[in-house]
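Peer 1: So TrEMBL lists the following for this protein:
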REGION    1-24  region 'Disordered'
COMPBIAS  1-11  compositional bias 'Basic and acidic residues'
DOMAIN    24-138  domain 'Trichohyalin-plectin-homology'
REGION    51-87  region 'Disordered'
Amino acid sequence: MQAELTEKKPQDVQIQTSSPWDLSEDLELKQQQKKLSYKRDLQNQLIDNRRRLREKEEEKHRERKIMEEVGETLHEENSEAEKRKRETATLLQAERDAFLKARQFWKEKRREVLKQEHDEIARIIAKREALQKREAEGKVLQRR
């Protein structure tokens with residue numbers, strides 16, 4: 001029996017530890033736990049805010065990069081379009097020059113052909129007139 005009396009039961013230990021003076025310690029412990037919990041919450045919020053801010057910055061950076069790429073692509077396309085336009089204009093100018101040169105050559109050839117025809121007609125007319133004149137002179141001589 002004595003052994004039973006000397007053996008402390010957990011209920012007795014609890015009763016002994018929960019004295020009115022321990023209430024203030026419990027309250028202080030609970031307040032410290034609340035403070036720690038609040039501190040952890042604030043730290044977690046801070047971490048979340050920093051993460052969101054970093055994600056926003058990364059998103060802005062990605063968008064900026066995309067905009068730069070789009071700008072570069074548009075610039076390249078515009079440059080290529082201008083280059084094609086210049087090449088087309090150069091080609092058209094070359095074709096125009098070739099056409100004008102061919103037309104001028106054709107006009108000169110036509111002029112030469114017309115001059116040759118004119119000279120040939122003039123030579124034939126002169127020959128006929130000379131023949132007619134000789135025939136007329138021959139007839140005049142015969143009449144005498």
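Yeah, the Cβs are placed from backbone N, Cα and C, and that goes for glycine too.
Surface or core, plus neighbours and distances: that's what I need for these features.
Peer 2: Per-residue confidence over the domain 'Trichohyalin-plectin-homology' (24-138) averages out at a pLDDT of 96.
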Peer 1: Can you break down the region 'Disordered' (51-87) into helix, strand and coil residue counts using DSSP?
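Peer 2: When I sort the residues of the region 'Disordered' (51-87) into the three classes, I find 37 helix, 0 strand, 0 coil.
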